[in-house]
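**Q** Before we start, here is the structure in question, set down as structure tokens.
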């Protein structure tokens, strides 16, 4: 059995890069690696974006203290913390059950709180958020 050599790149705050060789035995389990670069403060969030095994329509709080978003349709290490303007917007009109909604609704919500869909077809996608 042979070995497999992978190179991992890690960037530092001053944008310098370090390359670390890692040798894996062919029988070892697959290592999931995702490169993370420093925050891009002036970037624009892209929705939806794909990260690991999920698709996200709004900022997420995955392994971070604050919600963040990807700056690419498929996360490629470029990200930023979300500000108020970055959170996903409601999509109007949207289809819910047998009606088309042109504004936030409390239909189907147990506590009477208004919500909206983040896609045109809530029945199919079931992606939503509470309205403010």
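Indices start at 1 and increase along the chain as displayed.
Keep in mind that glycine also has a Cβ here, set from the backbone N, Cα and C atoms.
Pasting the relevant annotations from TrEMBL:
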type	residues	note
DOMAIN	40-84	domain 'Fibronectin type-II'
DOMAIN	85-132	domain 'Fibronectin type-II'
DISULFID	90-116	disulfide bond
DISULFID	104-131	disulfide bond
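Walk me through the surroundings of each of these features.
**A** For residue 104 (disulfide bond), the same-chain residues that are 6 or more apart in sequence and have a Cβ closer than 8 Å to its Cβ are 90, 114, 115, 116, 131.
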**Q** Would you mind checking how many other C-beta atoms are within 10 angstroms of the C-beta on residue 90 (disulfide bond)?
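**A** Its Cβ shell of radius 10 Å holds 17 other Cβ atoms.
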**Q** On the DSSP side of things, how many residues of the domain 'Fibronectin type-II' (40-84) fall into helix, strand and coil, could you say?
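**A** Tallying H, G and I as helix, E and B as strand, the rest coil: 1 helix, 14 strand, 30 coil.
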**Q** Among all the protein chains here, how many other CB atoms are within 10 A of the CB of residue 131 (disulfide bond)?
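**A** The answer is 13 other Cβ atoms.
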**Q** By DSSP assignment, list the helix, strand and coil residue numbers for the domain 'Fibronectin type-II' (85-132), in that order.
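**A** Per-class counts: 6 helix, 14 strand, 28 coil.
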